[in-house]
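As given in TrEMBL:
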type	residues	note
ACT_SITE	ASP94	active site, charge relay system
ACT_SITE	HIS149	active site, charge relay system
ACT_SITE	SER447	active site, charge relay system
DOMAIN	85-471	domain 'Peptidase S8/S53'
DOMAIN	288-376	domain 'PA'
DOMAIN	522-639	domain 'C5a peptidase/Subtilisin-like protease SBT2-like Fn3-like'
Amino acid sequence: ITERFEHDLFNGISFDLNGLDSKELKAALEAVLDHTHVKAAYPVRIIRRSEVMIEKTVSKRESLSSLPHGMTQVDRVHSELKIFGKGIKVGVIDSGVDYLHPALGGGFGKGFKVQYGYDLVGNEYTGENSPIPGPDPLDSCTVESGASHGTHVSGIIAGYDAKTNFTGVAPQATLGMWRIFGCKGFAASDVIVKALLMAYDAGMDIISASVGGDDAWSNSPEAIVAQRIAKKGVPFIVSTGNSGSDGAFTVGIPSIGKDVWSIASVENAYYKINYFKAIYATTSSNLVSGAVVAGDKNIGSKSDGCDPSTVPNLKGKLALVQRGSCTFTLKSTNVIKAGAIGLVIYNDYEGDAFTPLKFESTIPIVSISAAGGLAILAGIKAGTEILTFDPNPHYLPRDNGYLISDFSSIDASNELDIKPNIAGIGGQIYSTLPRFLNSWGFMSGTSMAAPYVSGSIALFIEAKGFKRNNKVISHQFKNYAMKLVHTKGNSVIESPLLQGAGLVQVYDAISGKVSVSPTQISFNDSSSFAKYKTQTLTIHNTGKARAVFKVINEPSIALAPYNRSGQGYAIVGPVGFSNSKAKLIFSKTSVTINSGQKATVRVTVVPPKTNPKDHIMYGGYIHFKSGNHKSTLDTTVPYFGVVGKQRDLPLFDAKYPYLSDSDGTNVFSKIDTYTYDRSNSTTIPYIIYRLLTPTAKFDVDVLNAKTKKSIGKTMTDSQHWTVEGSVGLGLDNSSSSIPVPSGTYILNLKALKLLGNPKDPKDWETFQTGPIVVK
């Protein structure tokens, strides 16, 4: 036994089974599963630490323009309401914290900013070895790794440093840190569950977790515990995941849980850049100053700097080359050999400046736009071109500011609940780093958006006093979030399956006097249309003034999760989009509500007329537009639905499943006879599968080959299978089961279709092997 959970919210144990052969392993598992006190069993999942982009900075003073508080009204809460999160406790589940950082209080325990926490794992923990816990959650790693994650997150929530003009979202909040990651590696799900329960028991007012795995089912142990904590009134804030480029259904656990806040990422409106001046051109970036020359005799092609024979003498110069067909490391190596003291890489085509990641170089490398590179090249041809770099950072508007980040995970749960729920700022966030990483830097990820929302909730709780009232807090934030557009310069609204209710607006959430419930609507898919097509919204006016609203449908961009002509029903990454829009029929198009009163509006959806086989996911917002903005703010409710029946989606990819042996590559068709010799483990039959669509259950029957009747199951009720793998089917491997007699059998695999009814045979997809002779 590795962990014991004896708690009001969760009872269980986690355990390892080591040193067992396949027969002993199956016997041990069945002994556990057959026990009358066991309600459910789950594998211990190894969850990767969140991937983030890190940009360190050595600047000693940062402008407040690097902070996105103007985008979220946090600046107004600070300046007008004088609210800073005082007295609110935020628990963080992450990689530890460098609490000795001056912006994070300089110590741990009573009287410090970081007062609570525990190290559940130790520095050497990888997710697969034994944790070495301790009472101190200090990030004491001394190498550059993702361990800096927890320090950056903590600074976003509650950091404050007057010397550098840095102010977190809730700078007077109190922090707790429960460390679940070592200096490298992963965390096991049982460790995560333990950390969640410890944070809850410590009395945290908010729990923030920038962690998760790609799984759109809501009943993993982590999701179950998160849901139960949320139902106890504690806002549980989780990053939605960074798998948006992989397409739809990429929102991860535990953010997929009901009542859990799943947080999408929005790009910061500004970015930091260093200018340099040239005699003939002015552009922007950072590098050592000096004369710049062509870094290739034939400059102007993607092969610039790739061939040492075409690199001229560059002694004491900065080398200019175009981005292209070889690695940055190779370009750097070649110009260094030629004497260069720095490398300037300009983008090809019409590309903007970029971050040259994953390179090894002993000289500084900078990237600039294609236009900037061509301007410098023209200057070189006109005479001696000198680049002079400004050491002070500047902040410029970003083209993708106020847009959902490309990496932010997308789409509803497999049960068609709207996820993510709301958005925070997660792209290019400046915050604290451990002192061994120069103390300050930028990171990007939904890992940054979740703590930003957590800090926002701390401000709200201080202002309104709603401790342990997750439902009310959630209502206010969702009702008053800002809807974002799909692309810059276009009025088309972004899908709620990317932004949830929208970007948090803290001041409006605090001051809003009208609440609408439910805070989000799923019209589900076509198979359950009759049940979900009409829903009722309740509007409650808690203010002193009469509220008058117009009720408006504002459709968003729709999602096209599949490219049937190109990839069939394999999920397309990145996700496709459609202009398909639903119509909404309201029982009333205007509402007047006196102080303290409630009103209801029935909403009936008319889905867009698209091909049901495309499974288009339409969406939008029900906008309650105020007739008097001086007394009553606008409020919105997101909605979505699917044209088509999710249970019609095929489970298995083409040519799958198939029967194979331990090698996994040999294919045995239904006309082939397979021989399983129980004295030779290499002949154990395997079913190799690849799933296009997730399934809630696998069920494998052993059929008598002659009578086609089941004599028992070799595997049953396996939950929540995704992607691909193999099912090993030893037919006599357990002391608690009955070995099949020697003879001929057929394996019948059944997989439950998405949203299918387990009691309806039509909702199962089946596969039968050919005859298997068991000796």
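Including glycine, each Cβ sits where the backbone N, Cα and C put it.
This prediction places the mean pLDDT of the domain 'Peptidase S8/S53' (85-471) at 89.
Between the alpha carbons (Cα) of SER447 (active site, charge relay system) and HIS149 (active site, charge relay system) lies a span of roughly 8 Å. Within the same chain, residues at least six positions away from ASP94 (active site, charge relay system) with a Cβ under 8 Å of its Cβ are HIS149, GLY150, VAL153, SER154, MET177, TRP178, ARG179, ILE180, PHE181, ALA209, SER210, VAL211. Taking the Cβ of HIS149 (active site, charge relay system) as centre and 10 Å as the limit, one finds 28 other Cβ atoms among all the protein chains shown.
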